Amino acid sequence: MTPDRPLAFGPPAPVVPRSRGRRMFDRLLARPGVSALIGVAVLTLLFGAQSPDLLSSAGLASVLEVAAPLGIGAVAVALLLVAGQFDLSIGVVAVSSALLTALLVTELGLDLWPALLLSLLAALLVGAVNGLLVVSTGLPSFLVTLATFLILSGAAQAVAAAVADAPRVGGLRGEPGWDSAHALFGSMAQIGDGRFPVSVLWWGAATVVTTWLLWRTRFGNAVFASGGAPRPARELGVPVGRTTVLLFLGTAAAGWLIGTLGVARLGAVQVTPALGAEIQFVVVAVIGGCLLTGGYGSTVGASLGALLYAVAHEGIALSDWDPRWFEAFLGALLLVALLVNGVVRRRLRAVPRS
């Protein structure tokens, strides 16, 4: 028996335990959305110093008016991103479902509530088709939903031009069911100098529901498993395919809600192509801490990302900046978010779970 050989580099150095404060900092930093929350605070102080109107009730109302529909879509997209999927069709589903509602009322004479129900079913059909195509074919969801976007965008513009001979379809005000639908989806509340839309309440409700689903239910576990390790998840019996289809149904429902909030407020729908709007939902979710690779993110972070977007948008406008700087500013925010998310993800692996 040969004696043990001495270690070439001496005994291993003792592990220096992290301080309690350092561990708490690591765990806080590892939470999705913390960077977006810090960004909201910094931009609010920055633009608030340049334009105090941003901090008034009217300024807050304008920020929330921009953030609410974006936040509703972002929380639904965030669930998909956590599951490792994309949906670029949510914005065009919003426009198409609102257009369908308007045409059913103005051209076919339906009451507004039956028209809203039919447009919801149509939106869910689009979501089901997206989900089933992704699950059954294995095609990237980015390409599937990009194709859906192009189909619906072209069809919506063609139908609006053929039926209404204009990109704007209106005439919903005063129709049967308008008053109740407007009260539920399009009303405003005067608080101080600001008029706050009811969409803010829908945004809050969507954030609460999706957060509960993601963190407090078995469905949320399936979402994380689908994005983190889909093949082992299937082998363990996780319903990855069903979860994916349900998530696409969720983004379709969110698109319908966004469209309904708009049409119930304005009494009309504007049909215009907007690929940039599709990207915004993904950008906001990533700014809120979601990883494009799946398995990590939160809906609260996505909501904070929408708020950060809105603060930047309205802050630039109220501070008399050239509005063309906004896209450059948004791109910089996205780049910083991607870098921060990567660092946070690496630190997360080192944070003890106990």
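Backbone N, Cα and C atoms are what each Cβ position is placed from, and that goes for glycine too.
In TrEMBL, annotation is done automatically, which means it is predicted and not curated.
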Correct range for transmembrane segment (source TrEMBL, candidates 28-48, 196-216): 28-48
Contacting positions for the transmembrane segment (60-81) when only residues 6+ beyond its ends and CB under 8 Å are counted: 54, 87, 90-91, 94, 141, 191, 194-197, 199-200, 202-203, 206-207, 210-211, 213-214, 223, 227, 247-248, 250-251, 253-255, 257-258, 261-262, 280-282, 284-286, 288, 290-292, 294, 297-299, 301-303, 305-307, 309-311, 313-314
